[in-house]
Amino acid sequence: MTSVVVVGTQWGDEGKGKITDFLSADAEVIARYQGGDNAGHTIVIDGKKFKLHLIPSGIFFPQKISVIGNGVVVNPKSLVKELAYLHDEGVTTDNLRISDRAHVILPYHIQLDQLQEDAKGDNKIGTTIKGIGPAYMDKAARVGIRIADLLDKDIFAERLRINLAEKNRLFEKMYDSTPLDFDAIFEEYYAYGQEIKQYVTDTSVILNDALDAGKRVLFEGAQGVMLDIDQGTYPFVTSSNPVAGGVTIGSGVGPNKINKVVGVCKAYTSRVGDGPFPTELFDEVGERIREVGHEYGTTTGRPRRVGWFDSVVMRHSRRVSGITNLSLNSIDVLSGLDTVKICVAYDLDGKRIDYYPANLEQLKRCKPIYEELPGWQEDITGVRSLDELPENARNYVRRVGELVGVRISTFSVGPGREQTNILESVWASI
């Protein structure tokens, strides 16, 4: 029984797809356990970029099983489109498995998402308008439609009719918006269900059987800990639990079967959307990091907000997600800066604090306390070991590990597979 969970430790976009792809080489099953197509991950193989939003990164290994777990909310339209994209690129999807218990995103979820966001005005959350939140709302309200329902024509028709009648009343009476047509949705989405039914199964059985047989299973989280609905910067969060604990709920695997948790972070910080960001940069340094790091959302295309590395955030993530190993990405983006900074604590109304407040008004008043380190000018994208890094870059990597309190297992100096450097093998340490 061997399993590793990969979680983002910041606000998403940390490079989880790259690290999952890297760790997938030694895994036999790769599974997603939460989120939906609001999460984008980019994988670079032989210089070619592949951008996925729903299908696990492990799909590029045809001999390995890729699982979309029950905790994921699935937009069948997006899934069919992504499958076609992979097929056009010559990538087989015969190794994909989709949980019959996963909930379905339908057009009324997306419309409701847009209407709710518009109604918030200046208090908007910054949602990707993918229908994720409304789909999880229906799930919690016990009126959601699951993949198993989508495949049964009569059940799908009955539940869609009931749900759509309620949603249309909401659209017309509360939002003065156009109602949606039952027949159009039913025909389109039932057809999508028939296209994906070959992949649908009880994925909890597949995952547990694999673990019981001693196979290596890798769980791939979406978003990041700071977007977790319980542990993140609520309400500026996603609607699921990206923390490692979400694995057990979203995959049907017990907590006693989780061995290691790899926290993925960048050598700086970024986030898409609104919400607190204590170390955010608004100067030319921030603009430089954004441009060099190509900080634009995979899903939205929006410019990401960027800032210095925040060890307060990272220690919070380590604690609530049980992180055992750290993967530090995008060190190369900081090359060329005379000075690099790490936030070590916050100043809250004249008092130093080492924790991340839950109160958003307090967070607004938090001022980062920085430790400054000398930067490095060298191009490090070709570095293949820690010893090859310039001394100042090595010191930066070591200091990050010290402040977070977790050993760094890998560090990356670029987006390619070959640019990920191993300091300690996660699989070998189990």
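Cβ coordinates come from backbone N, Cα and C, glycine included.
Residues annotated as GTP binding site in Swiss-Prot, with sequence analysis given as evidence: 12-18, 40-42, Arg304, 330-332, 412-414. Residues annotated as Mg(2+) binding site in Swiss-Prot, with sequence analysis given as evidence: Asp13, Gly40. If you look up Swiss-Prot, you'll see Asp13, Glu14, Gly15, Lys16, Asn38, Ala39, Gly40, His41, Thr128, Arg142, Gln223, Thr238, Arg302 marked as IMP binding site. Residues or ranges marked as active site, proton acceptor by Swiss-Prot: Asp13. Per Swiss-Prot, active site, proton donor is recorded for His41, and the stated evidence type is sequence analysis. Taken from Swiss-Prot, the feature substrate binding site covers Thr298, Thr299, Thr300, Gly301, Arg302, Pro303, Arg304, and the record attributes it to sequence analysis.
Shown here: features listed in Swiss-Prot, placed on the structure.
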residue: Gly12; record: GTP binding site; contacts (Cβ under 8 Å, 6+ apart): Ala39, Ala222, Gln223, Gly224, Leu227, Arg271, Val272
residue: Gly15; record: GTP binding site; contacts (Cβ under 8 Å, 6+ apart): Val264, Lys266, Ser327, Asn329, Ser330, Ser412, Pro415
residue: Gly301; record: substrate binding site; contacts (Cβ under 8 Å, 6+ apart): none
residue: Arg302; record: IMP binding site; contacts (Cβ under 8 Å, 6+ apart): Val272, Gly273, Tyr296
residue: Arg304; record: substrate binding site; contacts (Cβ under 8 Å, 6+ apart): Asp13, Ser270, Arg271, Val272, Arg290, Glu295, Tyr296, Gly297
residue: Val413; record: GTP binding site; contacts (Cβ under 8 Å, 6+ apart): Ile331, Asp332, Ile380, Thr381, Gly382, Val383, Gln419, Asn421
Could you tell me the C-alpha distance between His41 (active site, proton donor) and Thr128 (IMP binding site) in angstrom, no decimals?
15
Surrounding CB atoms that lie within 10 Å of the CB of the residue listed as 'active site, proton donor', all protein chains:
27
Rounded to the nearest angstrom, how far is the Cα of Gly40 (Mg(2+) binding site) from the Cα of Lys18 (GTP binding site)?
11
Compare the Cα of Gly40 (Mg(2+) binding site) against each of the binding-site residues Thr128, Thr300, Pro303 and report the nearest.
Thr300
Please state whether DSSP places Lys18 (GTP binding site) in a helix, a strand or coil.
helix
On a simple 10 Å Cβ count over all chains shown, which one of the binding-site residues Thr128, Thr300 is most densely packed?
Thr128
Cα distance (Å, whole number) from Thr42 (GTP binding site) to Pro303 (substrate binding site):
16
Near Asn38 (IMP binding site), how many other Cβ atoms are within 10 Å of its Cβ?
29
